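Residues or ranges marked as domain 'Major facilitator superfamily (MFS) profile' by TrEMBL: 42-529. Taken from TrEMBL, the feature transmembrane segment covers 42-67, 79-100, 107-125, 131-154, 166-189, 209-227, 320-340, 389-411, 418-438, 444-465, 477-499, 505-525.
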Amino acid sequence: MRKRGCNIVENGPAISSLQDIGELDYEAALTLTGFGWFHYQLLALCGLIYANTAVSITLISFVLPSATCDFRMTSEDKGWLTAAPMLGMVIGSYFWGCLADTKGRRIVLIATLLLDGIVGVLSTVSQIFSIFLILRFINGFAITGAMGICFPYLGEFQPTAYREKILCWMEMFWTFGIIVLPCIAWIIIPLDFHFTDADGKALFGSWNLFVALCSIPSIVLGLWLLWFPESPKFLIECGERHLALEILKDIYHINTGRDRNECPIAGLKESDKGNIIMETHNRSIRSFNIHNPKHMKIIFGEIWEQTKALCGPEFRKNTVLACLIQFGITTSYYTLMVWFPELFGRFELHEKRYPNMSVSVCDVSSIVLDNVNGTLVDDYCGTKIDTNVYWHTLLLGFACIPTSLWLPLCVHRLGAKFFLIFSLIVAGAVTVGLSYVNNSTQNLILSCIFEALTSMGISTVYCVMVDLFPTNLRVMAAALSLTFGRGGALLGNILFGFLVDLNCIIPVVLFSMMLFGSAILCFFLPNTGSEALD
């Protein structure tokens, strides 16, 4: 039972008064700060960052049909456009993870959000397809950093009793992002305005405005993050216990309303894991300048040691499992999620032309593109996105609400592993079912189930990974698994772009096999949720 204030340490030593009690380990000190307003604010911030990543990653799905005429895109071009952000994620995941484990979570989160927002705004004025492709690549490079870091950053502020449940609530924010995106698209993209040059070439249209509006939240969130502290757990690992203590006192003040000086934490114990940088150079790794070649050599040496540790005997099993599970689930999810609006549009166009004709997902594509030369069908290029496409995509988001509530409310009772295995097995079966649908309604129902379960599975993977690795390896491990996942998403989008008009049954079968395989691998994960961060 947990009493108000800091009088009782849950799952730890009992404290009978608010007097200084000497040096504490991090978990005991964090529990003494209470659980309250600070944690709710941090959940809101990290949740909105996660929702923003959902918007940034999937907005390209609405750009595909809208920008088809402006860039004269074939299906192959669309495949490369959806793959460009994924390629950026492949390259950016481990880069940002290494930086976050050496320079800090907060500063890297700020940098990734600002970069994503600024480049997103710049991409709206690009009139050349190759330049737009490069800018979307940079967007993917940036946003993957925010996505990989927000879970460890949030988790390192949470007492053990609350951590797993708080992290699971992040799934609701992803759902919020999936719901908001089609709403913005529905309002903006149908607007009938185009700025053109003297030759009639489009310079700025409604889809450009849509991309710009979806980019602004990244800048706002990056600036909001300036008001939040660095992870005290990370600071302790860097040897900066005094600064970590000051942050914990601030959290105590915000949560309890009491003066900072009343906080009973007199000091913090050193990390059980020795800090080589601090012991060797007598300074925090955060103080090293990345522009100094000598400092960079030291930083790279630390990164290499951490990478070896991830692949060492202690963490090798968890590292391999996390990477393979991420690869399977992310390949399937991001490929199909990006292409769902395109498939909805093709079904709507087909049913308008042939209202009494039933066709599969694979067959419907033949009416959109000429399979002989891969060029655009002229009348499709002049067709606006049907409003049903927005509505169907919005339903995908609404379908996630039940699972988004089920996960945090029942995770302590059923366990994170159960949710992973359940979601992946059912999602794999649904993916197989997509090849058997013969109308847009059936396609929509299965798509909703797929979206709800796979998004829950991805969020659960992030939650589990916070407990699988220690602080000095946590973000880097998440980044390494994200690299594998984004690599799979990159291959999946390229593959789907080439095969959707030729033989789309092949990627559908591959995606279902990946989901079933990931479910099997989840059986080998350890149970999580009740352990201290280290």
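The backbone N, Cα and C atoms fix where each Cβ goes, glycine too.
Proximity of the transmembrane segment (320-340) to the transmembrane segment (131-154) is not established, fewer than 3 Cβ-Cβ distances being under 8 Å for residue pairs spaced 6 or more apart. Among the recorded stretches 107-125, 444-465, 505-525, the one sharing the largest number of Cβ pairs closer than 8 Å with the transmembrane segment (389-411) is 444-465.
Per-residue pLDDT, averaged along the domain 'Major facilitator superfamily (MFS) profile' (42-529), amounts to 80 for this model. Remote same-chain residues near the transmembrane segment (166-189) are listed as 39, 43, 46-48, 50-55, 58-59, 62, 66, 150-151, 154-155, 158, 206-207, 209-210, 213-214, 385, 387, 390-391, 393-394, 396-398, 400-401, 403-405, 407-408, 411, 416, 451, 455-456, 458-460, 462-463, 466 (criterion: CB distance under 8 Å, separation of at least six residues from the stretch ends).
The transmembrane segment (42-67) makes contact with the transmembrane segment (107-125): 3 or more of their CB pairs lie within 8 A, with pairs spaced 6 or more apart in sequence. Proximity of the transmembrane segment (131-154) to the transmembrane segment (418-438) is not established, fewer than 3 Cβ-Cβ distances being under 8 Å for residue pairs spaced 6 or more apart. Contact between the transmembrane segment (209-227) and the transmembrane segment (107-125) is supported by 3 or more Cβ pairs under 8 Å, counting only residues 6 or more apart in sequence. Where the transmembrane segment (444-465) meets the stretches 79-100, 107-125, 418-438, 477-499, 505-525, the count of C-beta pairs under 8 angstroms peaks at 418-438.
By the Cβ criterion (distance under 8 Å, sequence gap of 6 or more), the transmembrane segment (505-525) is not counted as touching the transmembrane segment (107-125), fewer than 3 such pairs being found. Outside the transmembrane segment (79-100), and at least 6 residues removed from its termini, the chain residues within Cβ reach (under 8 Å) are 57, 60-61, 63-64, 73, 108-109, 112, 132-134, 136-145, 148-149, 152, 303, 306, 334-335, 338-339, 475-480, 482-483, 486-487, 489-490, 493-498.
Within the same chain, residues 75-76, 78-80, 82-83, 86-87, 89-90, 93-98, 100, 140, 144, 147-149, 151-152, 310, 315, 318-319, 322-336, 338-339, 461-462, 465, 468-469, 506-507, 510-511, 514 sit at least 6 positions outside the transmembrane segment (477-499) and bring their C-beta atoms closer than 8 Å to a C-beta of that stretch.
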